[in-house]
Amino acid sequence: MLDNKTIEIIKSTVPVLQQHGETITGRFYDRMFQDHPELLNIFNQTNQKKKTQRTALANAVIAAAANIDQLGNIIPVVKQIGHKHRSIGIKPEHYPIVGKYLLIAIKDVLGDAATPDIMQAWEKAYGVIADAFIGIEKDMYEQAEEQAGGWKEYKPFVIAKKERESKEITSFYLKPEDSKPLPEFQAGQYISIKVRIPDSEYTHIRQYSLSDMPGKDYYRISVKKDGVVSSYLHDGLQEGDSIEISAPAGDFVLDHASQKDLVLISAGVGITPMISMLKTSVSKQPERQILFIHAAKNSEYHALRHEVEEAAKHSAVKTAFVYREPTEEDRAGDLHFHEGQIDQQFLKELIANTDADYYICGSPSFITAMHKLVSELGSAPESIHYELFGPQLSLAQSV
């Protein structure tokens, strides 16, 4: 527990953190990676170059400072980050390193304004925050390892099949090398993949949503070719090759306890966790009404459409596809789609009962737009769930 003086000092630093947060986190990463380059095997180097990771960390530090007297308020965020940490292999011994360089960065950027009292308060506060993460992540590691079929950290899998789904997206069917049964996962969860790319100094870790329902003898991911690792998966790995993956993680999951109508809204590769949710809901809650809305450029970029149409044979499932640039073949054929963008009128015509559970996945700008539209329908905030691919930025910062 922190004393009142420490809490008061930490809260007093919130305005300066809001002003200099990204400068501090940028300095933090630069200094830490300079002295500990081995950590580049864990952290996403692309996010470092795009500076999205420093923004996410700055948001987290500011939130922790603002809620330092009521850390329970940010436990959901801690758990969300904890899932990612467990998935990529963050360990307790990493936290003292992070704390050391965070304090160095605060002092470097704030200079004389970072008084001894402020630095001492932040050292104490970081210890409390780190303990919260370590405790939550310890439980997550134990659950991942001790569940039926579970394992610790990374395990070798074989690419049993590659299947092209669209112009940009290919599915990879992954089976464990030891042929042991796979642990169950919750629809909407992801796995981390660790690969060693030729001529790259460090290993690369990326997260991909599981795109099929639980209960299979494989895990499936459906990957858009858009970056160093995804391009390597598309072009550098073939059926029969081996990759390492961590056990499923993530809290963007389907709530089977709810009996409300289910509205799934996605765009592009954001369809991947939605396919898992759709199939799982049809299997486990066959009476639950489902509306599946997906936006794509056109049919050439629309992955997994046939699987959605197969699920839509179930009487409880309705679908709506939106193409912003349909091809002439799309217009001339018998495909059913709405041309343009998802807007308020479009949603009003589709969603008769707004008292539903909403799940949204896609680019940050898409999620922000859909969250706004769904909120304007009168939907309760706690009924709107979303998954941002990449560092966990706040919704307000995602565009």
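All positions are counted from 1 along the displayed chain.
Cβ coordinates are placed from backbone N, Cα and C, and glycine is handled just like the others.
Taking Cβ-Cβ distances under 8 Å and a sequence gap of 6 or more within the same chain, the neighbours of Tyr95 (active site, charge relay system) are Ala130, Phe133, Ile134. What Swiss-Prot lists as active site, charge relay system is Tyr95 (among others), and the listing cites similarity to another entry.
For the recorded site, Glu137 (active site, charge relay system), the DSSP three-state label reads helix. Under 8 Å, Cβ to Cβ, and six or more positions away along its own chain, Glu137 (active site, charge relay system) finds Gly82, His85, Arg86, Ile90, Pro92. Look at Swiss-Prot and you will find Glu137 (among others) tagged as active site, charge relay system.
Here the Cβ of His85 (heme b binding site) has 22 other Cβ atoms within 10 Å, regardless of which shown protein chain they belong to. Residues annotated as heme b binding site in Swiss-Prot: His85.
Of all Cβ atoms in the shown protein chains, 27 besides its own fall within 10 Å of the Cβ of Ser209 (FAD binding site). Positions annotated as FAD binding site by Swiss-Prot: Tyr190, Arg206, Gln207, Tyr208, Ser209, Leu388, Phe389, Gly390, Pro391.
Look at Val269 (NADP(+) binding site): DSSP puts it in a helix. Look at Swiss-Prot and you will find Gly268, Val269, Gly270, Ile271, Thr272, Pro273 tagged as NADP(+) binding site.
Here Swiss-Prot flags 1-138 as domain 'Globin', drawing on sequence analysis.
The feature domain 'FAD-binding FR-type' is assigned by Swiss-Prot to 152-255. Per DSSP, the domain 'FAD-binding FR-type' (152-255) is made up of 9 helix, 44 strand, 51 coil.
For the region 'Reductase' (149-399), the model gives a mean pLDDT of 93. Positions annotated as region 'Reductase' by Swiss-Prot: 149-399.
Residues annotated as site 'Involved in heme-bound ligand stabilization and O-O bond activation' in Swiss-Prot: Tyr29. Sequence-distant contacts (6 or more apart, same chain, Cβ under 8 Å) of Tyr29 (site 'Involved in heme-bound ligand stabilization and O-O bond activation') comprise Phe43, Gln48, Gln53, Arg54, Leu57.
Taken from Swiss-Prot, the feature site 'Influences the redox potential of the prosthetic heme and FAD groups' covers Lys84 (among others). Mapped onto three states, the DSSP output places Lys84 (site 'Influences the redox potential of the prosthetic heme and FAD groups') in helix. All protein chains considered, the CB of Lys84 (site 'Influences the redox potential of the prosthetic heme and FAD groups') has 18 other CB atoms within 10 Å.
The site 'Influences the redox potential of the prosthetic heme and FAD groups' annotation in Swiss-Prot covers Glu387 (among others) and is backed by similarity to another entry. Residue density at Glu387 (site 'Influences the redox potential of the prosthetic heme and FAD groups'): 22 other Cβ atoms are found within 10 A of its Cβ, drawing on all protein chains shown.
Taking the binding-site residues Gly268, Gly270, Pro273 in turn, the residue surrounded by the fewest other Cβ atoms inside 10 Å of its Cβ turns out to be Gly268. If you take the C-beta of Thr272 (NADP(+) binding site) and look for same-chain residues 6 or more apart in sequence within under 8 angstroms, you find Tyr208, Ser209, Leu210, Ser211, Ile221, Ser222, Leu304, Cys361. Gly270 (NADP(+) binding site) sits 9 Å from Glu387 (site 'Influences the redox potential of the prosthetic heme and FAD groups'), taking the CA atoms of both as reference points. Cβ atoms within 8 Å of the centroid of the Cβ atoms of Gly268, Val269, Gly270, Ile271, Thr272, Pro273 (the NADP(+) site) belong to the same-chain residues Ser209, Ser211, Ser222, Lys224, Ser266, Ala267, Met274, Ala303, Cys361, Gly362, site residues excluded.
Of all the recorded positions listed here (Lys84, Tyr190, Gln207, Glu387), Glu387 has the Cα closest to the Cα of Gly268 (NADP(+) binding site).
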